[in-house]
């Protein structure tokens, strides 16, 4: 990194170092642990059949406002489309349609196998309002064919989604306008509500990192060239271009990483049960994937500086129960906001990551049930996860892990820029 205080790398990462607020961990420890221990094994696991197929309903109507866009949900428009003669921006809209479309192609063999898998699913109470599993309009999507990347979805439509989440569903004082620094002493937020805000901010940061890291750099008749867009990254995280909030957003990404890593460590006993199988109808492969999963979870458990969730909801029991219920209701509302995302691919990953984070909170709020879990196949445990929750949990963590890994790439790219 250049030593100039005004360098591009310095403006994005100058505050993204050292100990994280509300945690005993530091950024450098997370970088090393994730990039060397977690990321490679997690990516290999997510490429397996059990984790690559996700069932989702992309046709739910938005419950909060009416969208009058002519491109609408079907084509993932970023703005209303009119005939080319009347609208010179039609080409951009058509481009967004193509980039934001979901590839729903599955072989007949895969479809039949997925029906067999459904017989092995377990369910319990969820944090998210997701009826996708049972909806007749739901479809299985191959996540490997639909990577999270730039789609052209931006502008007022995208901002309306995040404004709804931050302004109405994120435990922030109504007197404070976004961007809010939840760590400010005058924010009026208790540690639990501050944590909630930072989780959502971290998720937002992660999504923006993916859009910047897999940006459409060039396109011709033969191929699309995807890669890192440093300018896009700077627009979202440079201190001078974000009114000082960019580095805070990156720190919140690390906070989210710690929360999700802690949930993986906590859920280890659930997956260690002999009765649990990563069922895909291929016994040998299923057993190997379970071994890989348990190896990953043991590595997660070995992390030396886990987030201490006992600091949350540690006060008055009645108030703690009220806060937990507020968390659940607020998070369910955020999951419903995802049905208002007009871009299909963005909606897909928004739903998956929201459900994944909801599953993380469910795990952290169910510590006693998990610890008391029987180790026999004869008794159904009081705590259960559906296949849908498991797939979303690990793929959501995969997105966060990838974001932390990508920050290394952007540090290197930005260190060569002197501005």
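Just so you know, glycine gets a Cβ as well, placed from its N, Cα and C.
Because TrEMBL annotations are produced automatically, they should be read as predictions rather than curated entries.
Feature list (source: TrEMBL):
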type     : residues                     : note
DISULFID : 71-76                        : disulfide bond
BINDING  : 149, 151, 162, 201, 204, 236 : FAD binding site
DISULFID : 343-346                      : disulfide bond
ACT_SITE : 343                          : active site, nucleophile
ACT_SITE : 346                          : active site
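Shown here: features listed in TrEMBL, placed on the structure.
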residue: 149; record: FAD binding site; CB count, 10 Å: 17
residue: 151; record: FAD binding site; CB count, 10 Å: 23
residue: 162; record: FAD binding site; CB count, 10 Å: 15
residue: 201; record: FAD binding site; CB count, 10 Å: 26
residue: 204; record: FAD binding site; CB count, 10 Å: 18
residue: 236; record: FAD binding site; CB count, 10 Å: 20
residue: 343; record: disulfide bond; CB count, 10 Å: 28
residue: 346; record: disulfide bond; CB count, 10 Å: 22
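For the FAD site listed in the record, the two most distant Cα atoms among 149, 151, 162, 201, 204, 236 lie 21 Å apart. Counting only the Cα atoms, the space from residue 236 (FAD binding site) to residue 346 (disulfide bond) is about 18 angstrom. Using residue 346 (disulfide bond) as the reference Cα, a 10 A cut-off selects 149, 151 from the binding-site residues 149, 151, 162, 201, 204. Comparing residue 151 (FAD binding site) with residue 343 (disulfide bond), their Cα atoms are 8 Å apart once rounded. You'll find the Cα of residue 343 (disulfide bond) roughly 12 Å from the Cα of residue 149 (FAD binding site).
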